[in-house]
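Now, the feature entries from Swiss-Prot:
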type: CARBOHYD; residues: Asn140; note: N-linked glycosylation site
type: CARBOHYD; residues: Asn222; note: N-linked glycosylation site
type: CARBOHYD; residues: Asn244; note: N-linked glycosylation site
type: CARBOHYD; residues: Asn272; note: N-linked glycosylation site
type: REGION; residues: 313-333; note: region 'Fusion peptide'
type: COILED; residues: 341-387; note: coiled coil
type: COILED; residues: 397-429; note: coiled coil
type: CARBOHYD; residues: Asn404; note: N-linked glycosylation site
type: LIPID; residues: Cys462; note: S-palmitoyl cysteine
Amino acid sequence: MGKFLATLILFFQFCPLIFGDYSPSCCTLTIGVSSYHSKPCNPAQPVCSWTLDLLALSADQALQPPCPNLVSYSSYHATYSLYLFPHWTKKPNRNGGGYYSASYSDPCSLKCPYLGCQSWTCPYTGAVSSPYWKFQHDVNFTQEVSRLNINLHFSKCGFPFSLLVDAPGYDPIWFLNTEPSQLPPTAPPLLPHSNLDHILEPSIPWKSKLLTLVQLTLQSTNYTCIVCIDRASLSTWHVLYSPNVSVPSSSSTPLLYPSLALPAPHLTLPFNWTHCFDPQIQAIVSSPCHNSLILPPFSLSPVPTLGSRSRRAVPVAVWLVSALAMGAGVAGGITGSMSLASGKSLLHEVDKDISQLTQAIVKNHKNLLKIAQYAAQNRRGLDLLFWEQGGLCKALQEQCRFPNITNSHVPILQERPPLENRVLTGWGLNWDLGLSQWAREALQTGITLVALLLLVILAGPCILRQLRHLPSRVRYPHYSLIKPESSL
């Protein structure tokens with residue numbers, strides 16, 4: 001029985017060596033001075049996942065940029081899609097003796113701070129560009145505005161890659177490095193960046209402390225500055241510590257490496273210190289020494305001066321525009337009345353000429369009737385002379401012809417109304433109203449001026465207000481930021 005137990009114990013001891021050590025590990029993604037651990041992954045569970053925020057990545061990379069003048073990500077780029085470009089300079093072999101991949105000339109090699117060519121000339125397929133990476137198997141990601149979920153195969157952990165926003169102009173680029181690592185001995189105590197209720201210790205009410213610090217800052221500046229709190233990655237947070245409190249020499253675990261640590265030996269806080277900071281390793285440690293305080297980065301911005309609003313500008317402009325419109329309307333009315341008067345005189349002259357022509361036609365018609373009567377009288381006399389031969393037509397051996405003069409067209413011509421009554425003037429409305437021509441034209445001009453004045457009063461202030469606010473929409477005020485360390 002003892003031999004069986006000894007054999008069983010040895011079997012369980014050497015079982016990891018036989019079947020492989022599948023202890024939990026992860027893939028660490030590094031950008032700037034910050035590191036992000038993936039969810040547990042190993043060769044048996046090869047998918048390494050991250051949930052990242054693009055704004056936080058930009059803040060992390062800004063602390064230690066890989067190249068100068070790198071364009072940062074902002075809300076302007078939120079509508080554009082991401083592309084992932086792996087760097088395939090060396091292909092690792094975890095069994096030892098790594099080897100280089102085949103040479104590959106990529107015309108879209110990343111350059112700072114731009115991608116070197118247009119997106120439609122790049123030889124990428126889908127969302128990833130590499131001759132050795134497959135999008136669905138080796139890496140895939142989903143993007144929801146500024147939120148990014150990356151799934152990387154564990155065999156590809158160790159490759160650096162870049163994220164690119166394909167936006168017009170300079171494209172924001174993130175340079176990320178990955179390496180396999182072990183999970184930290186304890187779970188990360190830091191909560192997501194957007195949660196300011198509890199940091200490191202859930203029992204500390206951070207909302208009230210932040211409000212107290214903001215109130216003290218406002219009082220120290222005599223309420224002449226705006227206090228801004230940067231909710232970036234936790235690695236960019238600042239630490240205030242008291243060098244008067246010693247740190248225990250016992251072994252402690254580093255929890256957070258802040259980007260800035262400021263000694264404050266004579267600072268009096270409205271509450272006690274909450275964390276333990278080790279100045280030798282520049283990190284927040286797990287020892288309960290309580291000599292420091294972790295704060296998000298503060299920035300002070302001067303309050304913009306509010307310019308006095310001139311309320312007389314709009315009424316003066318309205319009255320000026322109204323006066324100009326009224327003057328233009330009066331001038332137009334006078335010009336129109338004069339043109340109508342000249343048109344009326346022209347119609348009168350044309351009507352006089354038509355009446356004279358009508359009288360001449362009537363006189364000619366009467367003369368023609370008299371000539372016809374004379375011809376008929378002579379015809380009857382000649383018929384009497386040639387009575388014995390059967391009349392004038394028989395004697396001449398011709399067909400008899402009789403006059404047929406109609407008298408119906410001349411009365412119609414005389415009954416037509418004058419030309420002035422048949423031509424419409426003004427607005428095309430034949431409204432008489434028992435008024436003279438000048439009175440009708442004055443009434444039309446007055447109605448036009450009233451309508452124009454009402455239009456200016458209703459629409460003028462709105463148009464002037466929009467034109468007045470147009471420069472402020474195009475030009476944004478820029479205020480210089482005062483770093484918090486300058487006030488400490």
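Positions of Cβ are set from backbone N, Cα and C atoms, glycine also.
What you see is a predicted model, and the numbers here were worked out from it, not measured in a lab.
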By the count of other Cβ atoms within 10 Å, pick out the sparsest of the glycosylation sites Asn244, Asn404.
Asn404
Which secondary structure state does DSSP assign to Asn140 (N-linked glycosylation site), in the simple three-class scheme?
strand
Among Asn140, Asn222, Asn272, the most crowded of the glycosylation sites [Cβ within 10 Å]:
Asn140
Do you know the mean pLDDT across the coiled coil (397-429)?
67
So among Asn222, Asn244, Asn272, Asn404, all listed as glycosylation sites, which is physically nearest to Asn140 (N-linked glycosylation site)? Use the C-alpha atoms.
Asn272
Report the nearest neighbour of the residue listed as 'S-palmitoyl cysteine' in space among the glycosylation sites Asn222, Asn244, Asn272, comparing Cα positions.
Asn222
Spatially closest candidate among Asn244, Asn272, Asn404, the listed glycosylation sites, to Asn222 (N-linked glycosylation site) (Cα to Cα):
Asn272
Provide, as an integer number of angstrom, the distance between the C-alpha atoms of Asn272 (N-linked glycosylation site) and Asn404 (N-linked glycosylation site).
132
Measuring Cα to Cα, how many angstrom lie between Asn244 (N-linked glycosylation site) and Asn404 (N-linked glycosylation site)?
140
Enter the number of other CB atoms within 10 angstroms of the CB of the residue listed as 'S-palmitoyl cysteine'.
10
